[in-house]
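**Student:** One structure, as structure tokens, below. Some questions next.
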Amino acid sequence: MSVDALWGLSLRFKDAPEPWQIGFQDAASPVMEEVIYFHDQIMFILMIIITTVLWLIMRALIGKQYDRYLTDGTFIEIIWTLIPAAILIFIAFPSLKLLYLMDEVVDPALTIKAIGHQWYWSYEYSDYPTDTLEFDSYMIPTSDLENGDLRLLEVDNRLVVPIQTQIRVLVTGADVIHSFAVPSLSVKIDAVPGRLNQTNFFVKRPGVFYGQCSEICGANHSFMPIVVEAVSLDKYIHWVESQANELTD
């Protein structure tokens, strides 16, 4: 898939942040789909609660019956204790299920190591019998951007992964604490020096997914973006072979 086609997919699916955006980027992984669904469910419950509370307040103020609606003995005390408790239980079960789902690593087919530096990322592919594929990923300066590129988000070397594949990412920091975050893939994990954290994702469709370091890591914190390019398995194999050939040359 060409760069222009991938860019078109990113625009169609909203895989990149947009001006004045207040919602999520479109999901590209099953976990992110569950996160968006859970968020929408909570927002629906929130709107019901807000509407009910505002109605009670307006009735109490307009009808001048404050005691009747808000302090009318044991019955109202039971009601406004049991209803919030039931709502919290209703929210807790899907929330715990989602938390465990996000932490579970299921038989990864590919493991990538991401190392945060001040201020760029390094990636290592170590699952192959040949030499480890490793490269640095720097942000492209504004003066070098091409037409259609995103300012402060484009990099010189993208993290290329195959679609429809369970991928594990081992994350650490080389100097200070960073944070590896890609919203469309529901990935966000700290990169701590001397510690190896792991996360995983499963990309459902081709595309270019943008993220950034989400931990304040120094003066150039906002200049170390993450770009994940998801391609078909055939194109991924071709990319790996081309990278291996470059190492042997």
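Note: Cβ is positioned from N, Cα and C throughout, glycine not excepted.
Positions annotated as domain 'Cytochrome oxidase subunit II transmembrane region profile' by TrEMBL: 16-106. Per TrEMBL, domain 'Cytochrome oxidase subunit II copper A binding' is recorded for 107-242. Annotation comment: TrEMBL describes 42-62, 74-93 as transmembrane segment.
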**Student:** With DSSP, how much of the domain 'Cytochrome oxidase subunit II copper A binding' (107-242) is helix, how much strand and how much coil, in residues?
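**Tutor:** So the counts come to 19 helix, 64 strand, 53 coil.
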**Student:** Taking only the residues in the domain 'Cytochrome oxidase subunit II copper A binding' (107-242), give me the average pLDDT of this model.
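**Tutor:** Summing pLDDT over the domain 'Cytochrome oxidase subunit II copper A binding' (107-242) and dividing by its length gives 90.
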